[in-house]
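What TrEMBL records for Glu76, Glu101, Asp128, Asp151 is S-adenosyl-L-methionine binding site. Feature annotation from TrEMBL assigns substrate binding site to Lys155, Asp187, Thr225, Lys226, Phe227, Glu228.
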Amino acid sequence: MNNPQNRPLQTDFNTVFGNDLDYPRLGNVTFRRGTLTPNQEALFAEHWPRLGAELADARLDIDAWFGRRGAKTIVEIGSGTGTSTAAMAPLEADTNIIAVELYKPGLAKLLGAVVRGEIPNIRMVRGDGMEVLMRMIAPESLDGIRVFFPDPWPKARHHKRRIIQSGPLNLFASRLKKGGVLHVATDHAEYAEWINELTDVEPALEFKGWPWPECPQLTDRQVITKFEGKGLDKDHVISEYLWEKK
Ligand SMILES: C[S@@+](CC[C@H](N)C(=O)[O-])C[C@H]1O[C@@H](n2cnc3c(N)ncnc32)[C@H](O)[C@@H]1O
């Protein structure tokens, strides 16, 4: 868990949890940089200290950060440019949304949307979602975890980079409260087949399929992607998955 030479924090999950589950090997992904426009730099300088945080080896004080006590909290991993994050949050105003992303220009877009739209219930963390959950989020504390359109890593030799694997599912389950919801969506047919093989691998998660009408939280992503609009193209069928923490 050391951080020599300012390398990104990387947990050896198998050792820490004493298991032999599969965890993503991120390769160089964790070093993803990204340049901001001057406007985005100015936006960051003004608003990031209040609305954003960097991956750190310290638990977030979620009540203090959102300025309210005991609200439900959902973490979205890999929020990208935050299009669905910003569209969903106003419909779940009673819920704290923490968007986690490695890609700074994406966070800058979401930050812009949050500031312009005065969306009060979104905060952002820059870092690897696995490490953020591990270090910054207490066990059994989340009402939901979302992973929308994770990088599909289509080449066989890159499959081990996929974020949906037995290890992350175990980590997600550990951070969810009983009754908490994991929501995953992909438009990649082969990744969907991969996830289909993993639906029942984590004993603490009950697979609910899709749709799950009684799901206790918002599951409509609001944003119609260009692929969804076409609808007929088999390669871009959207597959959605819901699990409930037992
Ligand atoms: C294909 S994009 C999807 C973005 C967004 N969810 C959407 O639906 O438009 C996947 C995103 O996940 C981010 N990502 C990949 N691995 C991550 C990790 N370990 N932690 C946080 N973000 C990650 C990437 O930087 C990328 O922005």
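Cβ coordinates come from backbone N, Cα and C, glycine included.
On the structure: features taken from TrEMBL.
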| residue | record | Cβ neighbours (10 Å) |
| --- | --- | --- |
| Glu76 | S-adenosyl-L-methionine binding site | 26 |
| Glu101 | S-adenosyl-L-methionine binding site | 26 |
| Asp128 | S-adenosyl-L-methionine binding site | 26 |
| Asp151 | S-adenosyl-L-methionine binding site | 15 |
| Lys155 | substrate binding site | 8 |
| Asp187 | substrate binding site | 18 |
Other same-chain residues whose Cβ falls within 8 Å of the Cβ centroid of Glu76, Glu101, Asp128, Asp151, the recorded S-adenosyl-L-methionine site, in sequence order: Ile77, Gly78, Ser79, Gly80, Val100, Leu102, Tyr103, Gly129, Val147, Pro150, Ile163
Asp128 (S-adenosyl-L-methionine binding site) in three-state DSSP notation: coil
Collapsed DSSP category at Lys155 (substrate binding site): coil
Three-class DSSP secondary structure - Asp187 (substrate binding site): coil
For Asp187 (substrate binding site), the one of Glu76, Glu101, Asp128, Asp151 that lies nearest, given that the binding-site residues are compared by Cα: Asp151
Max pairwise CA distance, angstrom, over record-listed S-adenosyl-L-methionine binders Glu76, Glu101, Asp128, Asp151: 14
